[in-house]
Each structure stands twice: as C-alpha cells, then as structure tokens.
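Working notes, beginning with the structure itself.
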C-alpha cells in the first residue's frame, strides 16, 4: 500500500513497500528506469516550471556579454571613453571595474541568498533578486546623462554592482530550485538549461547591438539596457507563479504545504510516495551529520561534505579556465586587434549562435556519455584551440592570423557549450546534499563570482591596447589553464550520471574513489537484486 502522508508528519514506509515510487530524491527512484522521452512525457509540469526559472540565467547571459558589446559601439566609446592614438577607447581600469564589480555583486547576492532561501523559501529569494535587478537597470540606463565623465562611469559602475547582487540571488535560486524538483533522468538536461538560456541571453544581446551599432546616438546602446527591464519584470512574475520547492517545506516541517507543492509539480497519485522518500532522504542526511534541521555554512567544510563542496567549487571555476571572460569581451578584443566593429560583432554572433545548439547536444551527450567524460573532452579540446590562437598571435600584423583567431574563437565557443558550459551547472547541482543545497549553491556562485571578478579585472589589462597588449598570445595563458583543468577533472570530478541523490549520499559516505563512481553498485540495488532472486526461488 502507498505510504500515508499526514498533516504534521510523514509516516515511515512499511517493510517491502515499493508501490508507485517516483521520488525526486529517494534511493529507489522509478524515474531512473525511464528513457528521456518517457520522462519528458511524464513530467511536463516540472519541465515547464524549470524553464520558467531560467529567466535568471537569461538576464545573466544578456548582462554578461553586454559590457563587451557596448564597449565596441562607437557612440558608447565617445560618451564613456577617452582618445587614444586618434580613436576612442575605454580605459582598462574602467573596463575591468565594470566587469569585475558585477561579479562582486554576484558574490554578495549568492551569500545572502543561501540563508535567505533557507529561511523564507526559494520563491521569495527569486522575487527579491528580480526586484533588485529592476532597480539597478535604472542606473545603467541613465548613467550617460550625468554631467562629467567620471560621474557617468561611476553611476554605470554602481548599476553593474547592484545588478550583480540581483543576479547572484536569481542564479543560485534557479539552480537550487531545479535540482530539488527535477526527476533523476531529466536532472542533467534541466540543470543544463541554465547554460542554454544564458547563451540565449547573450545571443539576444548581440542581436540588439549588432542591429544598432552604426547609430551615432545613445540609442545604439540604451535599448540594450532597457531590454533588461523586460527580463527582470518577467522574473518577478515567474517568482509569483511557480510552486515552492517541496524540499524547503519539509525542512521547515510543513508537510501539508510540501504535499500541495509536490502535487503542482507531479501527478497527484505520486504525492505520498514522493514526499515519503524525500523525507526519508532528509532524515538520513540528518542522522549521518548528527545535526538538527537548521544548517550553517560551516557544515560545508566538514567530513564528507568538504569533498562535495570542493567539487562544486571546481565546477564553478572551470568556465574561467576555458576563457569565458575573454569570450565575453571578444568583440572588443578583435576590434583592438584590427578587425572592424561590425565584423567583430559578426564573429561574436556566429559564436554565440553555435553555442545554443552545442548546449542542446550536451544534454544528450551527458546523458549517454556522462558528465565527467564530456568535461574532460571539452576542456582538452578547447585547450588545443587556445594553443592555436596563441601561435597565431605571434603574427599580430597578419590579417590571415587575425581571421584564424576569429574562426578559432567561434569553434571554442561551440566546444565550450558542448562540454563545460552544459555540464558544470549539472555537476554543481547534483553533488550537493539535499539539506545543504541552498547554501552549497550559494557558496558555488560566490566562488564563481570571485573568479569571474578576478578574471574580469585582470584579463582586460592583458589584452587592452593601453596596457600589456598581448593580443592573440592570450591563447597560451588559457591553454595552460585548460591543462590544469583537465588534470583536476580527472582526479576530482566523479561521474554522477543516472544516480539518485540517495545513491550519491551513499557513495560519498563510503568515500568512494573518483573513478569508481560510474561502476559502483549501491546497497539499495543489491538488496533489490537479492529480493528478486528470492522471489524467483
């Protein structure tokens, strides 16, 4: 019989109960036996709400590329830049500050969100992040109206910083929410749509700027900033519309609300079994950690949680190793190297356009080949292409070398989306424990923000014309980082494909070596096999 779910408690299952087991986090998860197509047909509401939540990374992707785009717009350069050898450029210090301070904001927002989300819920933290974003965009839109150049730059910096706070809250909530509601078979693709919508946001940004780049007025870039209001407003609506995470309610002991939220996500007939298994997973984690319901950041660095945390942190760093900061500024980078503004934007548009199908392919690749495999393949392949760019950079005055660099960048964006871009949010979302997920995701985005800040601050100094002016030789730098990343993936990142959260709990608890995760048979599966043998006998 199905387990009874009561208003104030969840009764443990009777021995041998396995009926209608379709849990989100339970060890014996029937969704692991479904094909992707079957799982898509069975869980349309989960997919719908997951897609709704990706308005967060959509805004992030748009903003992530917008500074690199608008700095290539002549009208923006005239208002915010200075003359250098007869043409306007944005000084390295301000380009670095604009890129870096949005990451500082993301760090602040991510840390705040870990506690806010655990205390008040995923929906409220998502709405709060969206409202902060709405307010910050006003500073970006009106910055060019200030009287002095320093005031214009300062107001723009303030807007970017506040927007970063909102983005940190939106992004960490998005990943926490999806990882908590996604069935096992769809967990990889649904967590990976974070990158898909981030790239989609970048593509929208490129399209808007490309269509207006030759306009001599502020309208050439203002429309891009105003467009972010539409995305942020949509995020507020999404936060009001989606159901709260059942995991959040269970952690608070609100079983009735958890059942109602679960019913909005899954079929009504699966509520009892799903809530029961989710409660059992939480109880099991509490027993292993010997803690009460309330969590704190200190737990992330204790016992087996430290290994999980370490993997999450690495996953959030890898994209910087593959050169995402330079790719976000590729239009300005190519323009400094001698390419026209329109052609540099065309290269960016082609690269971002290929990034979308690459990310879609990664959904199937990580399901069939695994997360670890495509991470290794992507990092190694991109490293080779960066090496090619470094070699081409040794001929800075060659137009052929410049076009070679442009083509290589397009290919790098494709292979980045095929592997690391699609898999890093999946790995970060899967390895965290259920009870610490909000805080571990917040910490992950904090570290992501820190490394993004560091790279966004220093990389412009490395390629800008008024500083190191390395040009294509930047490829050698990122080749070295890709080599380091490949070694770290091989040693540290386990295979999580097809595993329930309870199975991952067991493997981490047993301190299983990284390379054994893909072949290990969990105790629950062994028990099921023994029962089947007993029935056959």
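The backbone N, Cα and C atoms fix where each Cβ goes, and this holds for glycine too.
Just so you know, TrEMBL annotations never went through curation; they're auto-generated.
Annotated features, as they stand in TrEMBL:
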type     : residues : note
COMPBIAS : 1-12     : compositional bias 'Basic and acidic residues'
REGION   : 1-29     : region 'Disordered'
COMPBIAS : 19-29    : compositional bias 'Basic and acidic residues'
TRANSMEM : 46-76    : transmembrane segment
DOMAIN   : 49-497   : domain 'Major facilitator superfamily (MFS) profile'
TRANSMEM : 88-112   : transmembrane segment
TRANSMEM : 124-143  : transmembrane segment
TRANSMEM : 155-178  : transmembrane segment
TRANSMEM : 190-211  : transmembrane segment
TRANSMEM : 223-242  : transmembrane segment
TRANSMEM : 311-334  : transmembrane segment
TRANSMEM : 346-366  : transmembrane segment
TRANSMEM : 373-395  : transmembrane segment
TRANSMEM : 401-424  : transmembrane segment
TRANSMEM : 445-463  : transmembrane segment
TRANSMEM : 475-493  : transmembrane segment
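Among 88-112, 346-366, 475-493, 346-366 has the largest number of CB pairs under 8 A with the transmembrane segment (401-424).
When the stretches 46-76, 190-211, 223-242, 311-334, 346-366 are ranked by Cβ pairs under 8 Å to the transmembrane segment (445-463), first place goes to 311-334.
Counting Cβ pairs closer than 8 Å and at least 6 residues apart in sequence, the transmembrane segment (190-211) and the transmembrane segment (475-493) reach fewer than three and form no contact. Per-residue pLDDT, averaged across the domain 'Major facilitator superfamily (MFS) profile' (49-497), gives 85.
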